[in-house]
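Enquirer: As annotated in TrEMBL:
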DOMAIN    3-53  domain 'Pre-SET'
BINDING   Cys7  Zn(2+) 1 binding site
BINDING   Cys8, Cys35, Cys39  Zn(2+) 2 binding site
BINDING   Cys35, Cys41, Cys45  Zn(2+) 3 binding site
DOMAIN    56-179  domain 'SET'
BINDING   Arg67, Gly68, Trp69, Asn136, His137, Tyr178, Lys216  S-adenosyl-L-methionine binding site
BINDING   Cys139, Cys215, Cys217, Cys222  Zn(2+) 4 binding site
DOMAIN    211-227  domain 'Post-SET'
Amino acid sequence: ATLAGGCCPGASHNRFAYNEAGQVRIRAGLPIYECNSRCRCGAECPNRVVQRGIRYDLCIFRTGDGRGWGVRTLQRIRKNSFVMEYVGEIITSEEAERRGQVYDRQGATYLFDLDYVEDVYTVDAAHYGNISHFVNHSCDPNLQVYNVFIENLDQRLPRIALFATRPIRAGEELTFDYNMHVDPVDAESTRMDSNFGLVGGSLGGSPRARGRIECKCGAASCRKFLF
């Protein structure tokens, strides 16, 4: 397969997402379509990035400022590189609403709305997931969320991939914005409005009042509250 050939479904209709080094080159908000089992290209095709999984050495650590567990990288990460996928159990938004009430009482939540086109499904990383479960929020994050489609092209079920927004030093904590809103850059990207966290809260359109969660990210641009 060649970059010009567009060897996967969707690639010929959407801008090719990666350069030859596997760094994402499209704006956040645009979908990434990777090659899949229907493609004739091999495992090293430059359009197979997220599906290869985590390629960096990462570790879980206990934060010293009351934010619980966190994740740091043990290697330098180049800007725009894929770092990890947000993995969890895919549930309906109705089930997420029910679980969210339980998680609220526990003071933690691991729910991520898959609302790229419509709010039908949610990823719950509370009981099934990977190291992304431990990544903390920051109002000035070094990871950016992208919606990725590989084998499943159902736009209601994107895979959630986290890419580096800037070069990240070895030993630095990894973070993403739990309350991310991507500014529209064109008609395609206006679909993306991913919200992590309190499903059914003010971001989810539910009338139920919720207490605001204080943010402890420490960024100069901190919004003071997560939600």
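Each residue, glycine too, has its Cβ placed from N, Cα and C.
All annotation found in TrEMBL is predicted automatically rather than curated by experts.
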Enquirer: Going by DSSP assignments with H, G and I as helix and E and B as strand, what are the residue counts for the domain 'Post-SET' (211-227)?
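Expert: For the domain 'Post-SET' (211-227), the helix, strand and coil counts are 0 helix, 2 strand, 15 coil.
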Enquirer: Looking only at Cβ atoms, how many others are within 10 Å of the one on Cys39 (Zn(2+) 2 binding site)?
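Expert: Its Cβ has 16 other Cβ atoms within 10 Å.
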Enquirer: Just the number: how many Å between the Cα atoms of Lys216 (S-adenosyl-L-methionine binding site) and Cys222 (Zn(2+) 4 binding site)?
Expert: 8
Enquirer: Of Cys35, Gly68, Trp69, Asn136, Cys139, Cys215, which binding-site residues come within 10 Å of Cys45 (Zn(2+) 3 binding site), going by C-alpha to C-alpha distance?
Expert: Cys35
Enquirer: DSSP helix, strand and coil counts for the domain 'SET' (56-179)?
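Expert: Each residue of the domain 'SET' (56-179) counted once, the result is 18 helix, 47 strand, 59 coil.
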Enquirer: Compute the C-alpha separation of Cys41 (Zn(2+) 3 binding site) from Gly68 (S-adenosyl-L-methionine binding site), stating it in Å without decimals.
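Expert: Cα-Cα, rounded: 43 Å.
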Enquirer: Please report how many Å separate the Cα atom of Tyr178 (S-adenosyl-L-methionine binding site) from that of Cys215 (Zn(2+) 4 binding site), as a whole number.
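Expert: With distance taken Cα to Cα, Cys215 (Zn(2+) 4 binding site) is 11 Å from Tyr178 (S-adenosyl-L-methionine binding site).
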Enquirer: By CA-CA distance, flag whichever of Cys35, Cys39, Arg67, Gly68, Trp69 among the binding-site residues is nearest to Cys139 (Zn(2+) 4 binding site).
Expert: Arg67
Enquirer: Taking the Cβ of Cys35 (Zn(2+) 2 binding site) as the centre, count every other Cβ atom within 10 Å, in any protein chain shown.
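Expert: Result for Cys35 (Zn(2+) 2 binding site): 24 other Cβ atoms within 10 Å.
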Enquirer: Can you tell me how far the Cα of Cys217 (Zn(2+) 4 binding site) sits from the Cα of Asn136 (S-adenosyl-L-methionine binding site), in Å?
Expert: 8
Enquirer: Which of the binding-site residues Cys35, Cys39, Cys215 has its Cα closest in space to the Cα of Arg67 (S-adenosyl-L-methionine binding site)?
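Expert: Out of the listed candidates, the nearest Cα belongs to Cys215.
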